[in-house]
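First up is the structure itself, then whatever we jot down about it.
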């Protein structure tokens, strides 16, 4: 009896020791000790007991024995689970609310530090269409005439304009900047969603390094505030991934939002289907009920498709399926080649190296680490691989097409910075993060503030100059003699009575042999084009050229009474042979033209004193009679505007005689002349 009781006591003591060992905290890293933990994997399946040794002070864990663990279960997942759930790590990220606010501030700053021109689509597939829908003025490019684009993206911006109109805040500044701010705010929310998604995939601080890699990418910074469909595609993709089922437990939860948002992304940007095909197939392979998944997809997609079809059909005035029109024109008919053709390897040889720069090293190395450790699903390799492969077979390629897969690629950078391999090479990899920041910040500053800044600089100058020259309701003409879609149009001239004319480069849908569009005809022979379109050129108040084109037509333009009034830096290196480093703006000066051959200057006159001033300048000997020409029109560049001078005639005559005898004082003449009469303006 006593032996049985003693045996029970010993058994209870052993059980108590085991329980104490099993329940002992492994968070105390000050002492070396053994801890027994009953583990569960991500799916909730119990994996038995694991013998963990925690080393003194360092906190590193070593699996010495494993009891009851299924042989097919990866022990590295156990270690990752322990690190994630039991060992407190130093948190390098702020609290959730602080992080979200920081991301919003980061993207708002992004808006005002990106002020350069990228591609026409950021204007002519979004804000121009929205301005036309809301205010009735805006340029609709040929894609909208061919029903290739869904109205969903411009509709979002036009609703913003509508709210601005309701609250009477729709100034020109609001029209220009509010869509950019809206896209930046949405991008900040998607940044936060990306971090939450990365935490579901990457171990410990890997998600934070992935977010750092993503935020530091210069090309993401360059595109985030732009009103591009690619920007919205990236935003919606990261939103949708919040509901994507990664584990078996997620399959039991509601996942229909990712299907609806993903399908909306495809309707806005049809090539997004290349992202969702791998994710959809992986979901299908892991689901317990294919029928249930099919019905969920049907119920999730049909309302989105119905709403989009109704909106598109109402906008185009007929039953329209824009996604089919887009695929038919760009893929089946090869219409994308109209915008330029590139070799099949362009994305690998030029696209990815340009947008990722040195990010490629941690990304590629992270892929090696992920494959070696079996620490990420194969679907995250398939998505960028399929996306790039299919795009490589399409003739037309652009850097912005890569934007939606950059966040997925940055997940592998998180593996690189988190991996043990990188710890062993700490003396090398410790320089990677500063190097990433230095390279990408430099590129972000240059491309965001300087490269291709000319279109916006010229447009802003014309806007301010027109406000000074013309009353608010007075009409004026602006002609862009540049490659098509080179400058902003009506959305930037909000509130001004302007007609903007630009060269057309629409494709020939009739497939006529030898068709040459208007833009090509102009650039083939600019002088001939100007001579054959004099009516268009003469009625213009402003002409805008690239510098090298202006030099070809300079004589023809100046003979019509135009004079250079501004030129703006555009870019150090050019993206097209039709561009130049500077943009030239000319104004129609059809007033009195006085040519001074000795000084090589032209003086422009307006007002009813033209003949009087001509006679006066000839009499005092400043110019010769044969070098003077008076135009009948009274339009002029405000270079010299002389009203009736009255008692100042004699003073002016004496000054002119002195100035003619002393050429170096000509600038002094201009200053004193302006002081004599505030209404007199002279520009040399």
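Note that Cβ sites are derived from N, Cα and C of the backbone, with glycine treated the same way.
Of all ranges given (75-93, 132-150, 151-169), TrEMBL attaches the label transmembrane segment to 151-169. TrEMBL assigns the feature transmembrane segment to residues 255-281, out of the candidate ranges 39-65, 174-200, 255-281, 471-497. It is 378-395, from the ranges 18-35, 234-251, 324-341, 378-395, that TrEMBL records as transmembrane segment. Listed stretches 98-118, 151-169, 378-395, 401-417, 429-449 were compared with the transmembrane segment (255-281); the greatest number of C-beta pairs under 8 angstroms is found for 378-395. Sequence-distant contacts of the transmembrane segment (401-417), counting only residues of its own chain at least 6 positions beyond either end whose CB sits under 8 Å from a CB of the stretch, comprise 194, 198, 201-202, 205-211, 213-214, 217, 219-220, 223, 230-231, 233-234, 237-238, 271-272, 275, 347, 351-352, 355-356, 359, 362-367, 369-370, 375-376, 380, 383-384, 387-388, 391, 429, 432-433. The transmembrane segment (351-371) makes contact with the transmembrane segment (429-449): 3 or more of their CB pairs lie within 8 A, with pairs spaced 6 or more apart in sequence. When each of 98-118, 209-228, 293-311, 378-395, 429-449 is scored by its Cβ pairs under 8 Å to the transmembrane segment (151-169), the top-ranked stretch turns out to be 293-311. Across the domain 'SUI1' (586-621), the model assigns an average pLDDT of 49. Residues 201, 271, 274-275, 277-279, 282, 330-331, 334, 336-337, 341-342, 344-348, 352, 367, 401-402, 404-405, 408-409, 411-412 of the same chain sit 6 or more residues outside the transmembrane segment (378-395) yet have a Cβ under 8 Å from a Cβ within it.
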